[in-house]
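K.L.:
According to Swiss-Prot, the protein has these features:
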type	residues	note
ACT_SITE	120	active site, schiff-base intermediate with substrate
MOD_RES	120	pyruvic acid (Ser)
ACT_SITE	125	active site, proton acceptor
ACT_SITE	148	active site, proton donor
C-alpha cells in the first residue's frame, strides 16, 4: 500500500474526512420469470443483513476502528441495509452514549442492526433487480465508508471486492477538510495517492479492465472496473452449461457482456 504508513506530526485532532463509496454489480442469466424470482430470493438470502453485518464489522476491524453501534434491516420483498457507527480509538464505557449497543448480541436479539461511530460510519444497502422481459438479473451492493482521523477506508478495498461476486465495480474516494501540522501549516490530504488502483492487489487487478477519472486538485478519485473473462457456468442460475447448444452459449455470453458494458458505461448502448 502506498503512503498510508507515512504519518504527519499533527497539531490537535486530524480533521480530514475520507469517504470511500463502493458499488459492485453481480450479473446472472435466468431465462424464465420463475428462475429470475428464484435468483432474487437466493441472492437476498445470501446477502441478508446478518452476513452484511459481519462484512462491515470485518471492514471496521481492518481499517483499525471500533464499533459503537449497529443497526440492520431486511426488507420485503427484497434488499437489506446495515449501518455501523465507528470510532477511531476504543472508548471507555463511561464515555459511550447509552443509546449505542456496541454491536453486542445484536444479530441474535433484533431484526434491525445499526452500527455507529463517534465520527465515522460504515453503511451498506443491497438492490436486487430483474425484469420479466429480460433474461438477465442484476444485484447491486452499495457500500459507504466514511472516516475521520488517521484511519483510511482504502485498507479494506481488496476484502470488499472479494466478499461479493464483483462483475462491475465503481469506486469513488474523496478527502475533505484540512488538518494542521505542529507549525500550523494546513494539509488537505495526509497520504500519497495517484489512483485508487494503487490500493488494490495486482492479482485482483489482472482480472479486470480498469479506468480512472481523477480530479487531483479537488482530492477526488474515481475508478471503474469490468471483469475480463466470462466463465459462463458461473453466470447460469440453476442450469448446467452442458445443457446448452454452442449457439445458445455464445448468445447468452454476448448478452451478458452487453449488459455489463452498459452498466460499466452508465448508458444504454445496445
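Glycine too: its Cβ is placed from the backbone N, Cα and C atoms.
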K.L.:
Take the C-alpha atoms of the residue listed as 'active site, proton donor' and residue 125 (active site, proton acceptor) and report the distance between them in angstrom, rounded.
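P.N.:
One finds 22 Å between the Cα atoms of these residues.
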K.L.:
Check the DSSP secondary structure of residue 120 (active site, schiff-base intermediate with substrate), expressed as helix, strand or coil.
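P.N.:
In the DSSP reduction, residue 120 (active site, schiff-base intermediate with substrate) maps to strand.
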K.L.:
Please report the number of other Cβ atoms within 10 Å of the Cβ of the residue listed as 'active site, proton acceptor'.
P.N.:
18
